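J.: If you scroll down you'll find the structure; I have some questions about it.
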Amino acid sequence: MFHRIEEALEDLKQGKVVIVCDDENRENEGDFIALAEYITPETINFMITHGRGLVCVPITEEYAERLQLEPMVSHNTDSHHTAFTVSIDHVSTTTGISAHERATTIQELLNPASKGSDFNRPGHIFPLIAKEGGVLRRAGHTEAAVDLAKLCGAEPAGVICEIINEDGTMARVPDLLECAKQFDIKMITIEDLIAYRRHHETLVTREVEITLPTDFGTFHAIGYSNSLDMKEHIALVKGDISTGEPVLVRVHSECLTGDVFGSCRCDCGPQLHAALAQIEREGKGVLLYMRQEGRGIGLLNKLRAYKLQEEGLDTVEANEKLGFPADLRDYGIGAQILKDLGLQSLRLLTNNPRKIAGLQGYDLEVTERVPLQMPTKEENKTYLQTKASKLGHLLNL
């Protein structure tokens, strides 16, 4: 149904337009997107004729600062916080509204010699400031346009226009597919663009390394930062893991209540300790401690989920009641850390098949699943049964 990101990039490099859809739980819209560097009056005319929406120009903060483009409003109450600047027309234009003059304004916006005084305010082109980090920080069309431009090696600016049906309603995916077919346009999703960037870009940085003596043995501890969500993670490495043989690995998601306070609601603390002990016994391996509290929903939301469980919901139902998926974790950052450690082939300590699939999706080979089942307690029996029945965990209960 959708095209690959690589296909869209090739068309954009040729000055063509693509359609980009966002999530159905967000705006659930599609936009025409083109590279600002290659914009022509013909492309503008196509957008306003067949898109019928507002023509905007996503740019970086640097463009806005250089051209002194102030925010359109001092207090942004838009539900998605779209960062409109004041609208502009280039001083060489007349009314500024024609396709030709809108293209001129966009071309001059990209001109490195242009100054803020070269543009009249307000005008008919609406610059939008993309967030630093692009779609990895905000999954909007603004960020998608700038990301696509960067991936094409072009100036970091795009031209976008919402697609509206002839009857005035917003075009949804079935309508957008018809539009793409009619005009032979590639169609991609922001979700796929996020996945593409996560797969192709290095988002982790090795920050510090120390020797860490523990009750289970002495480990080489390596601290990592990441540019995706700014969370900090730590890898505990034992022995020589550079032999090329499959390495015993545990990817452990942070659980403050279980790991630190010894909560009996889950089996996280015992799993953490058992994994460290097993790696120590083998003489080599990695425990990767990921800051993904509560399967990614955070500490306070996990406590809220616990409250709902006290009222009768199970762990999956509680997450969903709070508006979260059953499991919000993404293994891309963890996979990048494991690759930074030089690993390609793993023996994974886990009961969770989704974790195996998540890591394999980033080109890591899992040669063996090593079970890590802890004794069941009365307090976590229902929790473990739900993980087995609803999340697919491989447990003998």
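Cβ from N, Cα, C; glycine included.
Note that the structure is a prediction, hence the values are computed from the model and not measured.
Pasting the feature list from Swiss-Prot:
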| type | residues | note |
| --- | --- | --- |
| ACT_SITE | ASP327 | active site, proton acceptor |
| ACT_SITE | ARG329 | active site, nucleophile |
| BINDING | ARG26, GLU27, ASP31, ARG138, ALA139, GLY140, HIS141, THR142, GLU162 | D-ribulose 5-phosphate binding site |
| BINDING | GLU27, HIS141 | Mg(2+) 2 binding site |
| BINDING | GLU27 | Mg(2+) 1 binding site |
| BINDING | ARG250, VAL251, HIS252, SER253, GLU254, GLN271, GLU293, GLY294, ARG295, THR315, THR350, LYS355 | GTP binding site |
| BINDING | CYS255, CYS266, CYS268 | Zn(2+) binding site |
| REGION | 1-199 | region 'DHBP synthase' |
| REGION | 200-397 | region 'GTP cyclohydrolase II' |
| SITE | HIS124 | site 'Essential for DHBP synthase activity' |
| SITE | GLU162 | site 'Essential for DHBP synthase activity' |
J.: At the level of the C-alpha atoms, what whole-angstrom distance separates THR350 (GTP binding site) and ASP327 (active site, proton acceptor)?
T.: 15
J.: By the DSSP assignment reduced to helix, strand and coil, which category contains ARG250 (GTP binding site)?
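T.: It is in a strand.
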J.: Give the distance between the Cα atoms of HIS252 (GTP binding site) and CYS266 (Zn(2+) binding site), rounded to the nearest whole Å.
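T.: The separation of the Cα atoms works out to 13 Å.
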J.: How long is the line from the C-alpha of GLU254 (GTP binding site) to the C-alpha of ALA139 (D-ribulose 5-phosphate binding site), rounded to the nearest angstrom?
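T.: About 25 Å separates the two Cα atoms.
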J.: Report the mean pLDDT of the predicted model across the region 'DHBP synthase' (1-199), rounded to a whole number.
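T.: A mean pLDDT of 94 is what the predicted model shows over the region 'DHBP synthase' (1-199).
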J.: Taking the centroid of the Cβ atoms of CYS255, CYS266, CYS268 (Zn(2+) site), which other same-chain residues have Cβ within 8 Å of it?
T.: SER253, THR257, GLY258, ASP259, SER263, ARG265, ASP267, GLY269, GLN271
J.: Once the chains shown are all counted, how many other Cβ atoms turn up within 10 Å of the Cβ of CYS255 (Zn(2+) binding site)?
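T.: Cβ-Cβ neighbours of CYS255 (Zn(2+) binding site) within 10 Å number 23.
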J.: Roughly how many Å separate the Cα of HIS124 (site 'Essential for DHBP synthase activity') from that of ARG329 (active site, nucleophile), to the nearest whole number?
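T.: About 42 Å separates the two Cα atoms.
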